[in-house]
Every structure is written in structure tokens, then in C-alpha cells.
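*Asks:* I am attaching a structure below and will ask some questions about it afterwards.
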Amino acid sequence: MEIVYTKMQGAGNDFIVIDNRRYNFSSKQLAKLAAQVCQRKFSIGADALMAVDHPEGTGDFRMRFYNADGTEAEMCGNGARCIARYAYENKVASEAMVIETVAGPVPAWRLDRQQYKVTLNPPTVAKFDQPFADREVPVVDYIELGDPGIPHAVVKYPGLQETSLDALTDLAQRIRYWSAFPKGANVNFYDADSAGELVVRTYERGVEGFTYACGTGSGATAYAVARRREQTQANLVLHVLGGELRVEVASEELQLIGDAIFVSEGRILDENLFLD
């Protein structure tokens with residue numbers, strides 16, 4: 001079987017995108033496909049697989065999202081920006097669209113050729129200052145976006161820019177699997193730079209490592225920071241490993257803005273690809 005795909009990236013978060021309206025793969029088959037084609041060195045390689053599918057409600061299309069390990073995720077902010085551009089360029093939707101996700105509907109807009117904006121699923125759980133009782137990190141904030149919620153731990157970490165990812169990995173894994181988080185959690189470390197902008201590093205569940213960016217993680221971090229600053233309106237710049245993202249906070253509404261980039265197009269020909 002040949003499968004036509006598009007490779008995209010947003011702030012270094014890279015995705016394999018397919019139009020599942022052509023293939024009608026089941027959830028089980030999409031999970032298997034993701035686990036195989038997202039492997040770097042052995043296949044195309046990506047953080048996740050995304051599939052455009054027929055809408056189930058009033059949205060323009062449905063977004064199916066599978067992490068590199070084959071687990072299905074509720075939503076992905078950078079993925080939503082990329083799939084919005086894919087949908088616009090392939091005439092699935094117009095410049096303003098609504099994407100159906102497991103976590104709920106996500107409005108999206110084309111701002112220019114590469115920049116896209118999405119409204120992230122709103123915070124449904126916000127627990128601040130959860131006692132982690134670690135010398136480095138005494139407390140952790142916990143934010144869920146959407147319903148069912150995408151779980152995020154938000155951690156203030158002074159000196160983040162000067163700290164290597166290797167040095168953070170053990171701490172990130174302990175927070176990610178902390179028993180207080182029944183779903184596990186994506187872990188977002190942050191600090192403010194000299195200009196007052198945020199530096200963010202995210203350890204993602206499903207990928208089980210640090211990624212170049214996480215859109216919902218950026219949204220959760222911006223929300224937590226705005227709450228701590230007692231701001232109901234904020235326009236925050238976040239510097240992630242893959243570049244720069246902006247999050248506009250208006251009370252409980254979070255909008256994520258950044259580039260959505262086409263990398264390549266091709267056909268999956270892997271003779272070792274087994275989906276049944």
C-alpha cells in the first residue's frame with residue numbers, strides 16, 4: 001500500500017500528516033501507523049502523526065492525533081496550527097475554520113502565508129502550588145486544557161536557559177509520573193529572560209522526552225504565569241527550543257500564534273509496514 005503524506009513542522013514540532021478520508025484507517029490502524037512511521041532512522045520520523053478525517057459535528061474536519069509511541073492524544077496546539085494550514089492549502093477549509101478534536105472544537109485562522117492562530121481548549125482544571133516536596137522544585141502547578149483535559153504540569157525553574165536538558169530529564173520524569181497526576185502529565189519548565197519574555201522547555205508524555213515545542217504546553221504555561229501575575233489580559237512571547245510562539249490570554253481564552261511550515265511531501269512505501 002502507498003500512503004500519501006505531508007511532513008510539516010511548527011516551532012520544531014514535526015508531524016506526518018495524511019488525509020484519512022482517502023484511506024479510512026481505523027483508530028487501531030492509525031495508532032500502528034504512527035508507531036512505525038514516526039520512528040527516526042527507521043522511517044520518516046516525527047513527533048506525531050496527524051490525520052484529517054470527516055467531521056462528526058459542525059466542524060470543517062476532524063483532527064486525529066497520535067504520538068510517536070502510537071498513543072492517541074486529546075489535542076496538540078502546534079499540530080492544530082499545522083493541520084489548519086494543511087486544510088486551507090488542500091481546500092478542506094477556508095481561512096477561518098473549526099477543527100474537531102477529542103478535547104473539543106478548536107477555531108483556527110490563517111493570518112498570512114505561514115502564520116496561523118488557534119484558540120486552545122480552555123482550562124478546565126487549574127491547581128496551583130501542588131506540594132511536590134523536592135529541593136529543586138517545592139511546588140508544581142497543574143493545568144488541564146479541554147474536556148477530556150490535556151494534562152500539563154507547569155514548573156518555575158530559575159536559570160532554565162543555562163540548564164541542559166540532560167540535567168532536567170530525571171526531574172521531568174519524576175513529575176511526569178507523579179502519583180498526584182492520574183493521567184500523567186506533560187512537564188513545562190519556564191523562566192523569564194532579561195526582557196521579561198518566557199523561556200519554556202517541555203517534556204512530553206507519549207514522546208517521553210523533551211521536544212522543540214508544545215503548543216498546549218505553551219498555552220498552559222502562559223495561563224499559569226498570567227494568573228500568578230494577576231493579569232486577566234496578557235500577550236506573552238515564549239521562547240521554545242524550536243523558535244518563538246505567542247500566546248494571547250483573555251481571561252480563560254487562550255490563543256496560540258506561530259508559523260506552520262511545509263517540509264516535504266511523499267509516499268510511504270515501507271515494505272515492513274503492517275497495520276492489520
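The backbone N, Cα and C atoms fix where each Cβ goes, and this holds for glycine too.
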*Asks:* Can you pick which of ASN90, ASN186, ASN188 TrEMBL lists for the same substrate site as ASN13, ASN67, GLY77, ASN78, GLU204, ARG205, GLY215, THR216?
*Replies:* ASN186
*Asks:* Let me make sure I understand the structure: which of the binding-site residues listed (ASN13, ASN186) has the fewest other Cβ atoms within 10 A of its Cβ?
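*Replies:* Among the binding-site residues ASN13, ASN186, the lowest count of other Cβ atoms within 10 Å belongs to ASN186.
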*Asks:* So the record assigns ASN13, ASN67, GLY77, ASN78, ASN186, GLU204, ARG205, GLY215, THR216 to substrate. If I measure every Cα pair among those residues, what is the longest distance in angstrom, as a whole number?
*Replies:* 15
*Asks:* An 8 Å radius from the center of the ASN13, ASN67, GLY77, ASN78, ASN186, GLU204, ARG205, GLY215, THR216 Cβ atoms defines the neighbourhood of the substrate site; name the other residues of that chain inside it, in order.
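*Replies:* Output for this site, in sequence order: ASP47, ALA73, CYS76, GLY79, ILE150, THR202, THR211, ALA213, CYS214, GLY217.
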